[in-house]
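Step one of this worksheet: look at the structure below.
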Amino acid sequence: MKTLILTLLSLYELQLCCGAYNQNIRSQRKFEMIKTEISSYKDVAKSIIDLAVHGKAQNRSYERLALFVDTVGNRMSGSENLKTAIAYMYKSLQEDDLDRVYLEPVKVPHWERGEESAMLLEPRKKSLAILGLGGSIGTPVEGISAEVIVVSSFAELHNRSKEAKGKIVVYNEPFVNYGETVRYRGSGAVEAAKVGAVASLIRSVTPLSVYSPHTGWQWYENDVPKIPTASITVEDAEMLSRMASRGLKIVIQLKMGAVNHPDADSYNTVAEIVGSKYPEQVVIVSGHLDSWDVGQGAMDDGGGAFISWEALSLIKDLGLRPKRTLRLVLWTGEEQGGVGASQYYELHKKNISNIDLVMESDIGTFMPLGMQFTGKPEARAIMTEVMQLLQPINITSLYDYAEGTDINSWMQAGVPGASLFDDISKYFWFHHSQGDTMTVQDPVWMNLCAAVWTVVSYVVADMEEMLPR
């Protein structure tokens, strides 16, 4: 009996092994078929690349963007400029003869900075360049004049908490990388308020400064007093730190006319090329249309928005129609935490099984180096093959972890996601500053970015099967 049981167990294990082996063989065969399918797009990919980089569409995304930002300017959430920008894009997309163009209403924060200034009163008089941080409250009309404490970290602030009461906290945090250093912009006011400070000034989150403050959104916490907060230049933060190290008394007068208005009406702007075979299934290409209220918002995120529009234009110009719908979404309210995209997700998540791939470009359109991808290993293997279609421009690398505030909800829910990976070595020089203008952009780089964006989105949208998830 014991021998029989062992024999049956052995046969069962053998069956399992054979089943796994056969499954692996089937998977390998299927993947080889997918590779063959992807390889069949070489001519189409070359046509897209030729049109975008060398043909009639050369420099088009750059020229469209230049006209847009020169005409509209920056596009702060809730502002009249953003309304103008959305109307401009709605009209332009209609004129591009795409299949569907429509607006989806959302609510967005409406904050205005108003007049603002900072004056060093002691140990000498000097005007300090500032940019109020998004969501900040204002000061009284007469401003706030207070002694300053300079710290280089949250840990130092907490260790010196008794010194901070009634003072303005100046953070002179070193730039490590954006993800690490931006914590001071986001939470600096809250941490300062917890120890009794009356305002906070944050060293701009940038590795390079030419006396230019960089703004950005910050967040208050319930049950913590709200205090005014602004960014200052790297140069002034370092000067104040040197003064403090010499034991000098530092006094600053801060005036901010910032106002938080009720949420405003806005729209996500959407355009589509409807799929020929599976129109209910969708590949999304996207960038955000809003920007900060300084500079032109050409880099952040005009470039990403306009290469996403260019993807649909190139496909239309070549007379192509993918099997799935290719959907352009120009998000609103991204700079306030992706509020437009969050509302889009809530509205459309019931159709999540039909969202094949979400793509977002929001970290510049400099020289493209490849794509970042988040998804199952099987999907990654397919995307690796798709990237090989870009060999004519030598941009074939696929990196881990797609990035994008506006597509995070989809990726967290299991939808494959992709983002443009480009040379961002200079990105944070201009980020959220007056320097974010059309001068940052390069038409050759934008052509290449558009080619990458279009080839990937079209091929994924046209393949017979959706990406595994």
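The backbone N, Cα and C atoms fix where each Cβ goes, glycine too.
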Site-mate of Asp300, His432 for Zn(2+) 2 in Swiss-Prot, selected among Glu335, Glu346, Glu465: Glu335
Neighbourhood of Asn159 (N-linked glycosylation site), C-beta criterion under 8 angstroms, separation at least six: none
Pairwise Cα distance for Asn351 (N-linked glycosylation site)/Asp300 (Zn(2+) 1 binding site) [Å, integer]: 29
Cα-Cα distance linking Glu334 (active site, nucleophile) and His288 (Zn(2+) 1 binding site), given in Å to the nearest integer: 6
Sparsest-packed of the listed recorded positions (Asp300, Glu334, Glu335, Asp362) - C-beta count within 10 angstroms: Asp362
Among Asn59, Asn351, Asn394 [glycosylation sites], residue with fewest other Cβ within 10 Å: Asn394
Candidate nearest Asn394 (N-linked glycosylation site) in space, where candidates are the recorded positions Asn59, Glu334, Glu335, His432 and distance is Cα-Cα: Asn59
Length of the line joining the Cα atoms of Asn59 (N-linked glycosylation site) and Glu334 (active site, nucleophile), in Å: 26
Nonlocal neighbours by CB distance (under 8 Å) for His432 (Zn(2+) 2 binding site), same chain, sequence gap 6 or more: His214, Thr215, Gly216, Trp292, Val294, Asp300
